[in-house]
Protein chains: 2
Amino acid sequence: MQRILSDQLPYQAGRPVTLSGWIHRRRLLKSVAFLILRDRAGLAQVVVAEPHARAALDRLGEETVVRITGQVRENPAAPGGFEVVQPVIEPLSDPAEPPPVELHRPQLNAGLSTLLDHAPVTLRHPSWRRVFEVSAAVVSGFRGALTESGFTEIHTPKLVASATESGANVFSLDYFGTRAYLAQSPQLYKQMMVGVFERVFEVGPVFRAEPHDTSRHLAQYTSLDAELGFIGDHRDVMAVVHKAIGGMVAGVSTVDAVVPEAIPEVHFADAVRMVGEALGEDLSAEPDLAPAHERWLGEWAAREYGSDFLFVTGYPLAKRPFYTHPEPGREGYTNSFDLLYRGVEVVTGGQRLHRYGDYLAALAERGEPADQYEPYLQAFRYGMPPHGGFAIGLERFVARLLGLPNVRQAALFPRDLHRLTP
Amino acid sequence: MQRILSDQLPYQAGRPVTLSGWIHRRRLLKSVAFLILRDRAGLAQVVVAEPHARAALDRLGEETVVRITGQVRENPAAPGGFEVVQPVIEPLSDPAEPPPVELHRPQLNAGLSTLLDHAPVTLRHPSWRRVFEVSAAVVSGFRGALTESGFTEIHTPKLVASATESGANVFSLDYFGTRAYLAQSPQLYKQMMVGVFERVFEVGPVFRAEPHDTSRHLAQYTSLDAELGFIGDHRDVMAVVHKAIGGMVAGVSTVDAVVPEAIPEVHFADAVRMVGEALGEDLSAEPDLAPAHERWLGEWAAREYGSDFLFVTGYPLAKRPFYTHPEPGREGYTNSFDLLYRGVEVVTGGQRLHRYGDYLAALAERGEPADQYEPYLQAFRYGMPPHGGFAIGLERFVARLLGLPNVRQAALFPRDLHRLTP
């Protein structure tokens with residue numbers, strides 16, 4: 001008999017069915033036993049009363065994979081309103097060892113480090129699994145919104161000849177006798193590809209040799225990147241961010257996040273002034289926002305605009321990368337932005353320089369040699385339109401969306417200062 | 001005036017429009033000049049007769065980015081049947097230097113190495129750009145087919161603690177004081193995730209420190225991976241391959257590839273016998289097919305079945321990785337397969353072992369220590385269903401689909417033994 005999934009039981013009432021999955025939980029009472037079966041669609045209750053099936057179940061621990069053939073019966077007390085009775089239970093795996101984490105509990109209560117050590121098992125828990133269902137939906141929403149807007153998907157090199165963002169925090173390796181680096185972002189490649197497709201996006205891993213052991217840092221994360229040409233300024237990029245974020249949140253029906261029709265904006269200079277006044281600090285010389293300042297701004301946006309989202313624009317040049325476009329008529333500021341979601345930065349973007357001479361000047365200004373960028377700066381010698389783009393850290397976004405305290409809970413097998421397995 | 005794309009001209013006949021893009025080609029005749037503008041939608045002809053516009057065009061070389069405002073006029077002789085007249089030409093970039101490759105020619109005739117050195121410019125050529133439009137469509141088709149079949153997208157670590165496929169061809173690096181490796185495939189991760197989602201796929205980079213300088217090898221390529229649980233044997237995996245390949249080809253309307261309703265199959269033992277007889281070679285002791293043998297089989301499939309595709313099944317265990325499931329009742333063979341497309345292997349897959357004890361035995365048999373795999377083999381201690389999967393090298397598939405002689409032509413910025421830039 002062909003296997004059905006647990007969520008199909010209501011359509012098979014009174015009929016024989018075959019289910020397959022993991023023994024999520026056993027309740028072995030004296031006269032009867034209950035087996036909760038877990039498959040990719042959810043959970044199903046199986047009532048084990050017959051001696052032969054009971055003997056089989058007694059031998060098979062939680063997480064053993066089984067095939068169950070039985071009759072579907074309506075039972076308002078069962079999860080989902082239906083259950084399987086008169087089961088024949090057939091193991092598809094060896095009897096499982098007792099799992100290192102108690103998957104049948106509503107919440108896993110071991111420490112994060114233990115849970116991550118046992119990630120192949122931990123991830124089977126519905127609450128953990130759900131994070132990565134949300135993650136997949138978010139990525140799908142990102143791609144859908146951009147594809148609809150004429151963007152082309154690209155796949156760029158992760159092995160590069162020079163560090164793109166700065167010399168710090170970069171992994172290096174021997175590449176057939178020369179030195180290579182793991183890409184910290186697809187920045188220069190997505191810009192080059194504006195010269196080809198005008199509008200491009202990439203979903204891929206980026207690598208940061210972060211020496212920080214915090215709840216926000218990972219050594220590898222998934223970056224959602226986009227870049228587009230023929231913009232007026234960074235506001236055209238922000239419009240695409242708005243659309244992308246809308247798509248990302250729309251795909252996740254189980255989360256009550258709302259992207260407003262217009263996302264409020266505040267200029268960095270005004271943000272710093274407001275935060276400084278509110279917190280009684282002199283921030284006039286600050287080139288960046290500290291996490292506490294972002295939190296305050298998040299609360300302010302919720303209070304003033306009823307919005308979970310807030311664009312902060314015009315960040316000082318001192319804190320932005322060399323390719324950032326200055327703000328016309330406002331010395332020291334840039335056509336850049338961050339998007340805060342509930343007081344945490346989840347998107348960074350802006351307008352980029354697009355003239356070759358401007359790149360040479362910007363690199364000279366920062367004391368960086370232009371030759372190491374020359375293979376990439378070619379694109380700018382041969383005509384590039386005004387353009388800009390943005391990047392979203394998938395794990396950080398999902399963690400924020402679900403209210404997870406640690407970004408590691410949104411990374412499938414997180415990599416950090418101390419963790420390289422499993 | 002809002003910019004329109006070149007393919008919108010027919011809908012604007014007689015009206016004023018603004019186009020933006022690159023000067024693809026100039027033809028400067030005495031009385032009139034023609035400007036071919038390139039944007040992401042295609043090419044548009046602009047007729048430059050007015051002295052002011054002509055003076056502007058004389059100064060702006062090919063690849064300069066411009067905005068053009070003019071009137072649309074029907075002209076059956078123009079590409080697309082419409083052209084822009086009375087243009088005002090405004091540069092959006094500095095005047096471009098003369099490009100290192102002649103983008104306005106129908107085909108680029110420089111050597112491959114030169115073209116790749118100038119990839120940021122080369123890729124702008126319509127024939128090169130098309131390769132990556134096809135690539136994006138193929139990936140989208142792959143995802144679509146699998147999503148429709150209940151697969152969940154995952155993103156797995158590219159930094160791992162041990163080489164997954166074999167000790168050879170692996171890049172290694174210092175990871176906060178310990179040794180890490182770049183993942184050669186997501187194999188063990190996608191298997192672990194069968195325990196979570198039953199059906200998973202991933203599109204991501206994989207890394208091979210290939211010391212071979214051939215037309216088929218890359219140091220980084222994009223792997224399309226899938227894995228599914230609750231299979232009978234490898235045939236259930238082949239059915240998913242069939243569907244995925246169908247989706248990949250269906251997205252590419254400009255290619256005349258046909259995936260037959262049933263893909264023919266031949267067992268490795270029969271394949272070797274047929275090839276040996278046909279070529280007059282004794283292949284009875286061969287554990288693998290050489291490229292010439294695959295070519296012969298491709299021709300045979302075309303001749304016998306009218307099919308560009310052929311499954312070869314049952315490859316000898318000696319040539320398959322340790323996780324491969326043996327073929328029941330046929331010593332030395334496995335439940336594995338390759339899919340040949342026009343005589344070249346484009347997909348590899350099969351059923352995997354799913355019992356913990358079988359993994360320990362398989363690793364011992366090959367003299368590999370089990371401890372380095374222990375963090376990953378956890379999944380198998382705690383119940384895993386019979387499962388299998390497959391992998392497709394995106395660049396190789398696209399190269400074959402488009403008849404490109406070198407896989408580098410299907411890699412956006414290829415990485416190989418000698419190339420780490422641009």
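Each Cβ is built from the backbone N, Cα and C atoms, and glycine gets one as well.
Whatever TrEMBL says is automated annotation, not expert-curated.
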For the ATP site that TrEMBL describes with A:ARG208, A:ALA209, A:GLU210, A:ARG216, A:HIS217, A:LEU218, A:GLY393, A:LEU394, A:GLU395, A:ARG396, which of these is also annotated: A:GLU153, A:GLU265, A:GLU277, A:GLU345?
A:GLU345
Correct range for region 'Aspartate' (source TrEMBL, candidates A:63-66, A:139-142, A:187-190, A:267-270):
A:187-190
Counting by DSSP, what is the helix, strand and coil composition of the region 'Aspartate' (A:187-190)?
4 helix, 0 strand, 0 coil
Given a separation of at least six residues and a C-beta threshold under 8 Å, show me what packs close to A:ARG352 (L-aspartate binding site) in the same chain.
A:GLN191, A:TYR323, A:THR324, A:HIS325, A:HIS387, A:GLY388, A:GLY389
Does DSSP put A:HIS217 (ATP binding site) in a helix, in a strand, or in coil?
coil
Please report the number of other Cβ atoms within 10 Å of the Cβ of A:HIS217 (ATP binding site).
18
Look up A:THR348 (L-aspartate binding site) in the DSSP assignment and report helix, strand or coil.
strand
Can you tell me how far the Cα of A:ARG396 (ATP binding site) sits from the Cα of A:THR348 (L-aspartate binding site), in Å?
12
In terms of DSSP three-state secondary structure, what is the assignment for A:LEU394 (ATP binding site)?
helix
Measure from the Cα of A:PRO79 (site 'Important for tRNA non-discrimination') to the Cα of every one of the binding-site residues A:ARG208, A:HIS217, A:GLU345, A:LEU394, then give the nearest.
A:LEU394
Of A:ARG208, A:ARG396, which of the binding-site residues has the most Cβ neighbours inside 10 Å?
A:ARG396
Local backbone state of A:PRO79 (site 'Important for tRNA non-discrimination'), from DSSP in three classes:
helix
